[in-house]
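Undergrad: So TrEMBL lists these for the protein:
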DOMAIN    40-441  domain 'Amino acid transporter transmembrane'
TRANSMEM  48-69  transmembrane segment
TRANSMEM  75-100  transmembrane segment
TRANSMEM  121-144  transmembrane segment
TRANSMEM  164-181  transmembrane segment
TRANSMEM  193-214  transmembrane segment
TRANSMEM  234-252  transmembrane segment
TRANSMEM  272-293  transmembrane segment
TRANSMEM  313-335  transmembrane segment
TRANSMEM  363-380  transmembrane segment
TRANSMEM  386-406  transmembrane segment
TRANSMEM  418-442  transmembrane segment
Amino acid sequence: MGTEARISGDAVAREKENGGAHVQSTPELDAGALFVLKSRGSWLHCGYHLTTSIVAPALLSLPFALSVLGWVGGIISLLACGFLTFYSYNLLSIVLEHHATRGIRLLRFRDMATFILGPKWGTYFVGPIQFGVCYGAVVSGIVLGGQNLKYIYVVSNPEGTMKLYRFIIIFGALILILAQVPSFHSLRHINLLSLVLSLAYSACVTAASLHLGYSKNTPARNYSLEGSEVSQLFNAFNGISIIATTYACGILPEIQATLAAPVKGKMFKGLCLCYTVIAVTFFSVAISGYWAFGNEAEGTILTNFMGHNLLHSWFLVMTNAFCLLQISAVTSVYLQPTNEAFEKKFADPTKSQFSIRNMAPRLISRSLSVVIATIFAAMVPFFGDLMALIGALGFVPLDFIMPMVFYNVTFKPSKGGYIFWINTLIVGVSSVLVAVGGVASIRQIVLDAKAYRLFANL
């Protein structure tokens, strides 16, 4: 069974969520919930966590997504995924608040599935999927961090011979340090900096795209869709999967668990803050990047910048440095579910969080987790193709399907009302996206397989 924090009044709730040395008063909370998911944050802190979990350097792939969807399809997909995810995350928050006001605070995604749908859903479906997408995001983040380091190196030293895997290992060492941050709540100041950095590199990318787009030396742009009709169809679904994954979170219950009681209304404010940043960053980067490069937009717009001598080297270094620092915060956020699982398994909730008994297994388990992710990232730096598959089969079910199911099962809206049918329609369309997006992602992996090799210097 998952962890359920039974609450009887704010004072008791705070006592149960203190995460300190004396935790005997909360036997129903395991060490993972007590130590990693400390409920001490405000709605602002929640907004910082949400923004970091969604607004990441993966948004630099949005111009590429538009290049396979076109102007109309791309803009519609951006808007639709934005509205759907905001609606979905708000429903998820409402369900969590509903149970919290009735004395049961569900702290994790798998807790929700277990309590609402039954233990098998939490153990065999939601739990493994969430672990897969979160750990996949960690590996992907380490790859992206290594690539940013290499971009900085190449700009500063064009004749340098260092390989990508070395930069991935260097970045992995940084994540190894950040992985030791004791709790999700402890990341609040780092995630505020992450929010500022996301605005900074998005502004840099937008300015660079406009500068290159208006330059007299820029090649003619082509906005037509390439390939056969079948290829265009599969590419379109791949583009939708990229956009959906860019909006994905996958850890909203864990983020809401960091809120201090009472939680009512706080998550909505955090979502509003997050989606204000999303509106500024996603659309500016996607539209300006696609406008500047058309269907020549690369998987990440930074690659397009590296091929032009119209941008100053200091500007490229600065933009990549912003991305590098922010992806370290994003990777740290997605480590939290695995950190929580390790604490639950190996820590003793009757001892202090900072006792030798709990610190030793924490240091070993978290370090081992990051080392394995770093080795995998160095070996398989083309992880973007795999993340598209993970996004289609993981993030879409978690963020587009399960919230609707949780809401309908919890509140049982009338079949004569519009909410039930809107939720059912979203589940149906999202299920189709899972199936077709999964096939499109596998197809892309097969097409790119001939270029795959271990420790590739991309």
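Here the Cβ of each residue, glycine as well, is placed from N, Cα and C on the backbone.
In the displayed structure, how are the listed features positioned relative to their neighbours?
TA: Proximity of distant same-chain residues to the transmembrane segment (75-100), defined by a Cβ-Cβ separation under 8 Å and at least 6 residues beyond the stretch ends, is recorded for 7, 62, 65-66, 69, 106, 112, 115-116, 239-240, 243-244, 246-249, 252-253, 256, 261-265, 267-268, 271, 275, 278-279, 282-283, 286-287, 399-400, 402-404, 406-407, 410-411, 423, 426.
Among residues of the same chain six or more beyond the transmembrane segment (164-181), those with a C-beta under 8 A of the stretch's C-beta atoms are 138, 141-143, 145-150, 153, 187, 190, 324, 328-329, 331-332, 335, 339, 362-363, 366-367, 369-371, 373-374, 377-379, 381, 455-458.
Listed as Cβ neighbours of the transmembrane segment (193-214) (distance under 8 Å, sequence separation of 6 or more from its ends, same chain) are residues 47-48, 51-52, 55-57, 59-60, 63, 221, 277, 280-281, 284-285, 288-289, 291-293, 301-302, 305, 308, 310-311, 315, 318-319, 322-323, 325-326, 329-330.
Residues 50, 53-54, 56, 58-59, 61-62, 64-69, 73-74, 77-78, 81-82, 85, 89, 92-93, 109, 130, 133-134, 137, 225, 227, 278, 282, 333-334, 336-337, 387-388, 390-392, 394-396, 398-400, 433, 436-437, 439-441, 443-444 of the same chain, all 6+ positions outside the transmembrane segment (234-252), place their C-beta atoms under 8 angstroms from a C-beta of that stretch.
Residues 43-44, 47, 50-51, 54-55, 59-60, 62-63, 65-67, 71, 74-75, 78, 82, 86, 195, 198-199, 202-203, 205-206, 209-210, 212-213, 218, 221, 223, 246-247, 301, 304 of the same chain sit 6 or more residues outside the transmembrane segment (272-293) yet have a Cβ under 8 Å from a Cβ within it.
A Cβ distance under 8 Å defines the sequence-distant neighbours of the transmembrane segment (363-380), meaning residues of its chain 6+ beyond its ends; these are 135, 138-140, 142-143, 146, 164-165, 168-169, 171-172, 175-176, 179-180, 335, 338-339, 342, 345-346, 386, 452, 454-455.
Among residues of the same chain six or more beyond the transmembrane segment (386-406), those with a C-beta under 8 A of the stretch's C-beta atoms are 84-85, 88-89, 91-92, 95, 109, 112-113, 116-117, 126, 129-130, 132-133, 136-137, 140, 238, 241-242, 244-245, 247-250, 252, 380, 423-424, 426-427, 430-431, 433-434, 437-438, 440-442, 444-445.
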